[in-house]
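**Student:** Got a structure for you, written out below as structure tokens; questions coming shortly.
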Amino acid sequence: MKATAEEQMEQPESSHDEGPTRAKRGKPEVVQDGFPRPVKLSRGDLYKPPTADELNQLKEAESLFHCSLLKMQMEELLKEVSLSERRKQLIDSFVQSVTEQLQTVPQTSEMELSDLSWLSGGVKVPFVLVPKATKGKFHMAPPISVTIMGSYPLGTCTKPGISVDLSVAIPADVLHPKDALNQRYPRKRAIYLAGLAQHLAASPAIGAMRYSCLHGNRLRPILLLSPPGKDSSSFTLRLHACPPPGFFKPSRFHPQRNNIRTDWYTGLGSSQPATSEPPTPHYNSSVLGDMLPRAHLQFLTAVSSQCAAFAEGVALLKVWLRQRELDQGVGCFSGFLGSMLLAYLLSCHRVSNTMTAYQLLRNSLHFLAFNDLTENGITLAKGPDSTAPSLAEFHTAFQVVFVDPSGHLNMCADMTACTYKQVQHEASLSLQFWDDPTVDGFHALLMTPKPMIRTSDHVFQLCELVKLQSCCKKLNLLSELMDHSGNYVLTALPFILSLLQRGLGQRVRLLTHSLTPDPEWPVESDAPKHSAQPPLSFGLLLNPEQAASVLERGPPADSPKAEEFRQLWGSRSELRRFQDGDITEAVVWDGETTCQKRLVPRQLITHLLQLHADIPESCVRYIGGMLDDVINVGHEVCSTGEEESLKVVQSYDDLSRKLWRLEGLPLSITSVQGAHPALRYTQVFPPVPLKLDYSFFDREKLSRSLVPHEVKPCPVYITPVKVICHMEGSGKWPRDRVAIRHIKAAFHISLGELLTQHHQYTCQPSPTHLDVWKDGLVFRIQVAYHREPQVLRESVSPEGLLIVRDNAEAQALEMATMQRPLLTSTLHGLQQLHPCFGAVCRLAKRWLGAQLFSDDITEDTADLLVASLFLQPAPFTPPGSPQVGFLRFLHLLSSFDWRNNPLVVNLNSQLTAADYTEIKNDFIASRESLPVMFMATPNDKKVSIWTKQAPTVQMLQRVVMVAAESLKILEPQLMDTSQIQDVRVVMRPPLDPYDVLIHLSPKQVPLLSQAVDPPHATFSRGILAGRVANTGGALPVIDFNPVTHYLAELRDAFGDLALFFYDPYGGTVIAVLWKPKAFSPLPFKTSQMVARRVEVSGEEAHTVPNVEAILEDFRVMGQGLVKSVEPRTERWVV
């Protein structure tokens, strides 16, 4: 919510006529040459004690806020959302102009209500006239009063989206006391608005005119007016037509009374006694809402006058609601309700009149979190009259109850229980992280938007809303349809929500739904139909323990509840006998893999809606697994890698046990640790057990290992799963680095011999590691000695002194043998707590790879970024699906302030509040020398070892920009049915910025099948279908990817001239970007003539890169792999 330039310009300029300002301590400023100069203050002025007001502010900052920063942030936010004086002057001027215009509305002769021939200029009535026939007379007349109402006179009107309410009182002779019946009053109100629109259309003082509905209620249309000229978008004036004060008796609109007759609504003519007519509570509350705004404003004005911070407290509550998309639409928790809630808390002394805006917001959220208005409603009425309904009567008619000061109107009449439960949930969540010193409470609470697609784990939409008509018919909802004046969407919604709540049960923690936005349409158009609105969206906050269960276990067969269970599930319910001997009703859903089980709620929802609401599956658009295809590894059965990762982990566990039991080694093994992403469930495409086709390969002469065949496609890529095997410390270990390496090589040989002897594994030892072929997988065992990094840091000076100096070699070894295994085991534990952690990591890394960022945001860095989403999810809950986790990953990348803040990943909750403060202070003190992306963990508070080498400032800026664009494209695409449904669009990198593209031969790209858009042509890679042998067989070709070797050679040869980018997951293009300084001429030196040519200017000779030769080198170095080199010469000039 940063101030725009326009808003900054709105601040009033200081008057030049004002006298010279006074110094703070009463000393006049010394002005010389037109400039103020510092004055010398006496000792008494310098050390004057603070005033009582200053002491109060200091005490408040200390007791109420984590720090003075939070207090200043709140104050700045309030300044940001409040209206400037210039804006207020514009509003007052426009309101006065409109009021004058309204007083000149012409009088017309009386005519039938259904006769609209007097309306000219193409102006339409903003009302769906169904049924068409209505009794009554109507004539146009000037309003008896025009009053400004709502938040603007109260001082609680805030930016953005400034709306000012103007109440126009309809003359009493236009209305009839019986107009409350059969929509006569709402229709007269709508026709009166149309008459006002016709009159104002000719005025040059009015800009654009449109119709809308107050909070989406079609019975309460309003006229939106904008000022003309450049101020047209600065605010909106909303005209409300209201009955004159006291025209209708409030008792006429008791929630148990009927004001819509069945015979009139159905047109069947079979009249019933008024006593047997169904009540119309929602219709009644709509009419009542027009009668009470003046009284509400008087009440709120009286309350706010007693509490200095009332307006600011309401402003903060409005911001909180807006960020959660709860303040607009049908049945929303509007700013008006927020004002009334604060008034309630003040009137019943739950908060004090002297509290600050901060305290008012906190207490409001506390009240919302711990008070359920769906069960125990509240009332502002102190002494309601005898005709006012009781709270119990309100509860029978409405799902949420909050009664206004008159005692007659339920202000939450249109709100569903699910919406209030969402408000409760959000308030409870806000309180949880409010006092957490490790969370930036201000940003989480008031600055982070929470759209449904990024908040809910799964989302589904009802697309063809016209189908809800048949739903109302099947559920026999005629009475409710009359009450909602034919709005079948709002009629069916509570019943659909109740049905889904019953069916989903413990699978979800929260069920939410979108609030239908207020429709807007031109005054020349008819009111839109009920189906002409966006799809109805529902959000599921999943319970991870139960959401993916394929079994819905019901009551025992002889239980009275068995019939109810069968009625709910229909033909899917069947009797089953379980292992404990029980015979119960049960429903079993389809799902073999984790990926399929995650979508069990989809099966359940579509079945219930089809069975009970007559809504076909084709109308349900489920947004829960749309991104799964990008990381799908199953060919026959859909899988996103969980089962494949589990097989790798199980095979590793077996190998680990066998290593521990080995006998005959000179030193015992102290630990066996995995150091590969597959062992923490985060490998994008985890290794799968392979059965080799030996005829596809050649043989190495001595070891008889398999080697690639020259004329055949590149063989399948087999990734080695790295395992670190620590040997015990002993005095036998040498202190010389070369000798240590020899000892480790000997251990590799011994381990290979023992594994072959005892378990018949095929092993291939080398000086740096031991490769073990087991269960169709390759494990790369690396022996480690815990003191080796220290030995690498030690050196002896010529004088014989021992010098200990850190170096890159020691750091790399320490990371490979200590830090990475520790990270792997920690993240493995996180996967056990949050089952979708691994899938989110895979999606995130697939996106990074596809956008050519894998070398800048490494695998370990990406895993830590995703881990932070689960460990510090505020203001959200931890992600419950891969989709929502990926969207939050993109949001984190694009919105985090990497320049000014460290990202703290509190693994295993080891960091305390004091540690956070220490990390922040150290970060600020050493910012210039630290990595541009700084990530702190419990074992790495000061260095950020994972991001020390990459990314650079330029690459991080690029990542942030692409992440923001991806999010901007993906979120609307997921929610908007009108857009082309292709989520892979965010995985396709823009290649325009690059200077050269090296196109590779698909035949020699071993991971081609993992590409975002894999080609239709496939190549044999030397593998067979069938069961994989556990042991034996020739050693396969391990870790052989020609593209990786080619890239390494390119960077080694031309790394000083260009940057090389590649998608490691099946990419067929290497993108080349020349470095900015690559083409600067250098003085001629014979030792620096590699890939350069000489240019002579005058008597001086310089060298510049020989681009043609470099491009030829690209082809020659990649012979057999490179298909073509595409230079984009317009991008660079030699």
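Glycine residues also receive a Cβ, built from the backbone N, Cα and C atoms like all the rest.
In TrEMBL, annotation is done automatically, which means it is predicted and not curated.
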**Student:** TrEMBL lists region 'Disordered' for one of the ranges 1-47, 518-564; which is that range?
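**Tutor:** TrEMBL lists region 'Disordered' for residues 1-47.
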**Student:** Which stretch from 309-448, 455-613, 991-1125 shares the most C-beta pairs under 8 Å with the domain 'Nrap protein' (628-832)?
**Tutor:** 991-1125
**Student:** Can you check how the pLDDT averages out over the domain 'Nrap protein' (628-832)?
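**Tutor:** When the pLDDT values over the domain 'Nrap protein' (628-832) are averaged, the result is 89.
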**Student:** Please identify the stretch among 455-613, 834-988, 991-1125 with the greatest number of Cβ pairs below 8 Å relative to the domain 'Nrap protein' (309-448).
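**Tutor:** It is 455-613, which has the most Cβ pairs under 8 Å.
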**Student:** Provide the three-state DSSP residue tally for the domain 'Nrap protein' (309-448): helix first, then strand, then coil.
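**Tutor:** DSSP classes over the domain 'Nrap protein' (309-448) add up to 73 helix, 5 strand, 62 coil.
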